[in-house]
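What TrEMBL annotates here:
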type     : residues : note
DOMAIN   : 37-283   : domain 'G-protein coupled receptors family 1 profile'
TRANSMEM : 20-43    : transmembrane segment
TRANSMEM : 55-74    : transmembrane segment
TRANSMEM : 94-116   : transmembrane segment
TRANSMEM : 136-154  : transmembrane segment
TRANSMEM : 201-221  : transmembrane segment
TRANSMEM : 233-256  : transmembrane segment
TRANSMEM : 268-285  : transmembrane segment
């Protein structure tokens, strides 16, 4: 295209040095927790044969995607917090945008698959082994990655076909479609609606599917009061918390036409940093099987 901009300037979360030091400490600790917590989950699930059910298979992939999501934004953010000038090359910005939406959309689809897994386990227990065997799990996970790639390539193509010839300051701490296309030197009304219908529709559709599946689960548990169902409800409760933290900000940011808001970049922190931190905490502290396997792994490594 006719772009003349070779780099963008990321304005970050704040230009005050005191806050930047505070942010650096917070995001460094959060990133370390994401890496250590999710890697621990992956190693635990892969090393314990007892954790071979579809739920833990999907959890293992969720941990991997969380590592990918936060690694796309957090290292760059940590480096930028150490320097006054926060610039990123045009090509690097497009690459960050592509991989962020690739991993983010894949996680949306995977969370939806995990909700289906809980629905099959609780509402269709007699057919569960047929509905969610290992082969089906691989097909569903592959479909999640394929869907994420298709979504991301559409977003990226819509972005790079725009001309950028003037302003180059992005009011965020990473490159995303919403702040980037505002800098285009052309009318982006149609592009905004296309992107909103893409990202926003996917977020809303997945969220509605999740709400529907959990509604069926609650209705089923209300009828059958058994210990196993209450244990499953506890697992679903943790899942609902993660889903709410992840989907609500995404729907808020992407569903309607883009209008600049100072709070957008702070809302982005929720699904790029907070959610990946919450996943290992929720799935370990509220799951006795995972905690027992981690303790067993710890004793074997001593």
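Just so you know, glycine gets a Cβ as well, placed from its N, Cα and C.
Ranked by the number of CB pairs under 8 Å to the transmembrane segment (201-221), the listed stretches 20-43, 94-116, 136-154 are led by 94-116. Residues 13, 27, 30-31, 33-34, 37-38, 40-41, 59, 62-63, 66-67, 69-70, 73-74, 100, 104, 172-174, 176, 238, 241-242, 245-246, 249-250, 253, 291, 294 of the same chain, all 6+ positions outside the transmembrane segment (268-285), place their C-beta atoms under 8 angstroms from a C-beta of that stretch. Note on the domain 'G-protein coupled receptors family 1 profile' (37-283): mean pLDDT across this stretch is 84. Outside the transmembrane segment (136-154) by six or more residues, the chain places 54, 57-58, 61, 98-99, 101-110, 113, 116, 198-199, 202 with a CB less than 8 A from a CB of the stretch.
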